[in-house]
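Enquirer: Marked as active site, proton acceptor by TrEMBL: Glu80. Annotation comment: TrEMBL describes Lys179 as active site, proton donor. Positions annotated as active site, nucleophile by TrEMBL: Cys212. The annotation domain 'CN hydrolase' is assigned in TrEMBL to 40-307. According to TrEMBL, the signal peptide annotation covers 1-22.
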Amino acid sequence: MIMFQPHIYATVFILSILQAFALDSYIAAVYEHAVILPDVTGSPVSSKDALTLMNKNMDVLEGAIKAAAQQGAHIIVTPEDGIYGWVFKRDTIFPYLEDIPDPQVNWIPCTDPERFAPAAVQERLSCMARNNSIYVVANIGDKKPCNSSDPKCPSNGHYQYNTNVVFDSEGKLVARYHKYNLFMSETQFDSPKEPEIVTFNTSFGKFGIFTCFDILFHDPAVTLVSKLHVDTVLFPTAWMNVLPHLTAIEFHSAWAMGMGVNFLAADTHNTSLAMTGSGIYAPDGPRAYHYNMETENGHLLVAELRSRPRLSPTYPSTVNWSAYATSVKRFSPDDHNFSGIIFFDKFTFTELTKPEGNHTVCQKDLCCHLSYRMVEKQEDEVYVLGAFDGLHVVEGEYYLQICTLLKCKSTDLKTCGEPVATAHTRFEAFSLSGTFGTSYVFPEVLLSEVQLAPGEFQVLSDGRLISQSGTSKPVLTVTLFGRWYEKDPP
């Protein structure tokens, strides 16, 4: 069972008002925040000290919110863990939590702070939104009391949730989302009993929201787009980049394209944990993005998006991801295939030994076809075509089908699949396809120095990922990243 929590001004009357004042486009903002972290202690701090730290982070966020509003932004997304950090146990996170009410209570904390007190963080976020006439999306902690009549009630008498909140331009709490798919290190939080499907309507489109690790699972992420047809997804995250396929900008841009939705991703910034990569993404590519492993500074992105991208004449057509690949024969035999590891998954690889050619590599039911032509093959660089068809079982359990062209770390084939951030080989043309069993496939093209390639590739309706007119920079990877949700463990 899935909990649907529309949190919409859901009467026909209100919806008709929103439609009457509907905007064709809007200005979106995301802020990548270098979080001020608490001191690591073995015992909880006082509520006063917890609020002092959170106010330091909110001082920074308030500056970003004001700057975004001055540039005309209608909405801004700030990162997961952006107000208090992430180095906690269950007891040490507790002083940082507030009781966040259901948005249906119709509450503006900025003007009525005592109604659900103590709520100093919610009050300040509400005032940031109200004073700057902008929607504010933030990630904070929620606590909900329980008692011994509930057999799952934690020992401290409270459920603790990693929570996103949204305040509208008047400061009203309009959405609350409890993260469902917790990352393995989030032992300080509980998962809600069922995934929450949270949406809200505005004059500039219908919005849905989820958090970080949620993106790799069907609920709530896919349900928001495929069943509730949101126009834009709001995505606070604390994303740790993993090359070659799971850097933040690469995967989030691909997810927006694969799902056909606007996507506002705000990452935390901490280079020691490889955390960076925020973006404003449309179904046809990124509008703005930021990736910086060189400094520890925060960064504001502002860009314009279509309010209802499905109504756009440039909206991508429906893709049959296996149509082309199942219609052609194998390009090459598997005489020289070898195995390699990418993020703990065992891929089947074949080396691209010539400057141009056609190759096929298969694993289980997935066969990946590649046609390519390099501008000039560098002798000290090796590229391979790889396939993976199986269950990933490390930080979570989810079924993948992946076809990938990628650069190896060195000329030693044993390094193929290891992280590498730079390359020197540009491709004049490529066409990648696969016999996917899933309809959820996310197209990735990542260039040297971890840069995206907007406008340099397209996805055809028969499932081919093809280059437009060569790549502007050397290629790290060209990938079709498939998620076969039906094969996930129960």
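Residue numbers in this text run from 1 along the chain shown.
Including glycine, each Cβ sits where the backbone N, Cα and C put it.
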Enquirer: Who sits close to the residue listed as 'active site, nucleophile': which same-chain residues at least 6 apart have their Cβ under 8 Å from its Cβ?
Expert: Glu80, Lys179, Phe183, Phe235, Pro236, Thr237, Ala238, Trp239
Enquirer: To what whole number does the mean pLDDT across the domain 'CN hydrolase' (40-307) round?
Expert: 97
Enquirer: Ten-angstrom check, please: count other Cβ atoms within 10 Å of the Cβ of Glu80 (active site, proton acceptor), all chains counted.
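Expert: Around the Cβ of Glu80 (active site, proton acceptor), 25 other Cβ atoms lie within 10 Å.
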